[in-house]
């Protein structure tokens, strides 16, 4: 089950990352033909096969991600979603001629290394394998307290902090998406288990828990989409994306640790490895987004690395080197002369 979940998570990242490139390629082809752009209200992309191929890849990727939660722990599946950003960045530089600077390449390497560390230290065993055990987990007092805290904090962010600080602070709406997203991932995992039992011949459709999870999932996703669109409309995408990834993944890992007890049987080495891998992925995503539009020109390098600026004679070996600030006079020579003249006139 763990290998199947890992494979589905990696396939999901590959399909979702490729879907963005295919859609963008189709839109660029329409722009080159002089058709009305989608940003201007045009719908000519509906006749472009590349756009439909991207949409199909997106659907396959989301389905694979949905199925991955039924086989692998959420602590593993959710952080691996960052690889879709990496796939999209690499394919964009190859097929769309978009710039991937040094910071972006370092970010991609860090994301791969962090994902590898997380996979090697993630919990290998699945704690929930049936709807009955899922129902028992949902009745746990720890999860009930967590869910109540998430709902209360989300309501405060929506109705109190949103009208006051939503237009100026990016954390308000992103925190709403992340907190509600942790509950939606739990619903997805429960529905994935329900589908796995349905395919095995069990009467899952008669279970009220499956329908409750489906309704909760629809509500949570609707709230997420609404407030994520608000955040993207107000703030820059390069700011929203890494912050949302960090907060969303942290909330999901916290919810999984409380609900599914995925970290309960992990040794200290695996816990430290999972946290280190997650922080490495966060660093890679930050470099990939924060410095995406910053070209690394030779003028940004140190002087000894700039071409044509290397000085064979260092300043400390030359005869006309500047004096240290400790040996320089406090006042210029002209000021000293004027000060001595004023003293002679007073005498």
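Glycine is no exception: its Cβ is also placed from the backbone N, Cα and C atoms.
The transmembrane segment annotation in TrEMBL covers 6-28, 49-71, 77-96, 143-164, 170-188, 209-227, 239-259, 271-291. Under the heading region 'Disordered', TrEMBL lists 311-347.
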Selection from 6-28, 143-164, 239-259, 271-291, the stretch that has most Cβ pairs under 8 A to the transmembrane segment (170-188): 239-259
Tertiary contacts of the transmembrane segment (6-28) (same chain, 6+ residues out, Cβ under 8 Å): 37-38, 45, 48-58, 60-62, 64-65, 67-68, 71-72, 76-77, 80-88, 91-92, 95-96, 119
Cβ contacts under 8 Å made by the transmembrane segment (209-227) with residues that lie 6+ beyond its boundaries: 131, 134-135, 138, 154, 158, 173-174, 176-177, 180-181, 183-184, 187-188, 190-191, 194
